[in-house]
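To keep things clear, I will list the structure first and then write my remarks on it.
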Amino acid sequence: RRQRALLWAVLLAAWGVAWGQLRYSVPEEMPKGSFVGDVAKDLGLQLPALSDHSVRVVSEGRAQHFALHVKTGHLVTAERIDREQLCESVQRCVLRCELIVEGEMKFYEIEVEITDINDNAPSFRETDKELRVSEMTAPGSRFPLREAQDPDSGRNSLQSYELSGDEHFSLAVQAGPGGDQRPELVLTKALDREETALHELVLRASDGGDPALTGTARIRVTVVDANDNAPVFSQSEYTVRVPEDVPVDSVLVTVTATDADEGLNGHVKYSFHKISDRASELFHLDFESGKITVKDNLDFEKISSHELEVQAHDGGELFDTAKVIITVIDVNDNVPEISVRSALSEISEDAPSGTVVALLHVQDRDSGVNGEVRCSLDGNVPFQLRSSQGSYYSVVTARELDREQVSEYNVTVRAADGGSPALQSSAVLSLRVLDVNDNAPVFAQERYSARVAENNAAGALVLTVLARDADWGQNARVRYRLWEGRVRGAPLSSYKFDMDAERGTITLTEPLDFEDTKGYVLLVEARDGGGLVAHCEVEVEVLDVNDNPPEV
């Protein structure tokens, strides 16, 4: 039956795209990999671009319910989804996720409604109910019965009850304040213990599925002698407000009922008459004292209010019912969560101001002031935060960067909530600054001078010049050369000065002659790997040696 229901429910409808948001619907319990929606078509994305731009799907919370099929552009289920497990007591079950396009620094919100299938039959918490009814009970008396539970929704939820087994009893169904059906056992014919001391009945609950699923409970009615006073609660409704961090085993409230009878007929015991599955895991009722205590940690973010019904019954099974409303108060017990949806690892130092380097999502599961989050950046860094749509923030450059001053940044993003004291968390973004050729070489001296004796041999060192470049890598590699010039009308190269392009050394290629030329002015050029240049002058003075005899 469950497979037939799944096959019948494989009708998916895209709700459209509005303001960057996609909406789809899919039945629960679909196999992993089932089609949810054509994201690529609905957003107008080209299929080859999906893998090129590192497109991925991020779900709220830790569980990832959906995934993106990169080859087809389809949003598919990442696991089998149980609507009743994810959306307990919620009429419309909607799961949210985001489609992150990292290369374009874009995101799209996606809502997927999980529709119900009839995969749960109605069930009774008590499959065997024991009732003790006085034989003096007047026809028309009513006895509330425990309701059946069906976690499905709509027509697949609980729809009807029917009773079988005895002419002394019939079934009435009352509508509760929330529209729920409350079965009651009605005494239609006077009882006679001497004639029949035990009546056995069967209560059947049915849902509206096709085919309908049912659950049953057996009711055993024992006829006892008269008990003419029922217990009476001190108040019809008990209300209590407790913080969500109340310790386990704490007493929340004590319900009290009194019975005017004596002995066993006046001995009152307490029990839960109506309670949800989750509330039964959180609260304990002492059947003798009426104390309601906490047996597990409360969580405002999951359920903020619990409504219970407590029944007081005496030894003759007469009873009274009271309502208990427990309101959970939020405390600041959740730190803000920072998720780095997309981030750069390196950026060019000439990137314009306003360049996006990271996309962050910040949330706090608390409510009110405790859930209000403020974000900031630590230290004096050339970046700033910009608030984007919803809970998203962008980290952008506040000005142009300079690699020669700072070559790497560790940017700390801090999020603090509005609680007292405030809770905070942080995330660190590591960003390396890439070099551009924005610095020309700089000579250690604008003008160099050297004194060289004439007749020095070829290869003799004249002097060494030095230029430095603040850039990095190839942009900082400096090479030297002599600019062509003229001395006494002759090309400088004819004087055979030579320069080492890597080391910056100037040497002689032949001996100099003081009697011919007493000095030279050379122009040296330094060029980096990006084409930026610098110049300096080198003055070479030729020293005379006694290499000429007197002439008569």
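A Cβ is built for glycine as well, from the same backbone N, Cα and C atoms used for every other residue.
Feature list (source: TrEMBL):
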COMPBIAS  144-153  compositional bias 'Basic and acidic residues'
DOMAIN    66-124  domain 'Cadherin'
DOMAIN    125-233  domain 'Cadherin'
DOMAIN    234-338  domain 'Cadherin'
DOMAIN    346-443  domain 'Cadherin'
DOMAIN    444-552  domain 'Cadherin'
REGION    137-160  region 'Disordered'
SIGNAL    1-20  signal peptide
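In the predicted model, residues of the domain 'Cadherin' (444-552) average a pLDDT of 86. Across the compositional bias 'Basic and acidic residues' (144-153), DSSP helix (H, G, I), strand (E, B) and coil residues number 0 helix, 3 strand, 7 coil. Summarised by DSSP class, the composition of the domain 'Cadherin' (66-124) is 7 helix, 28 strand, 24 coil.
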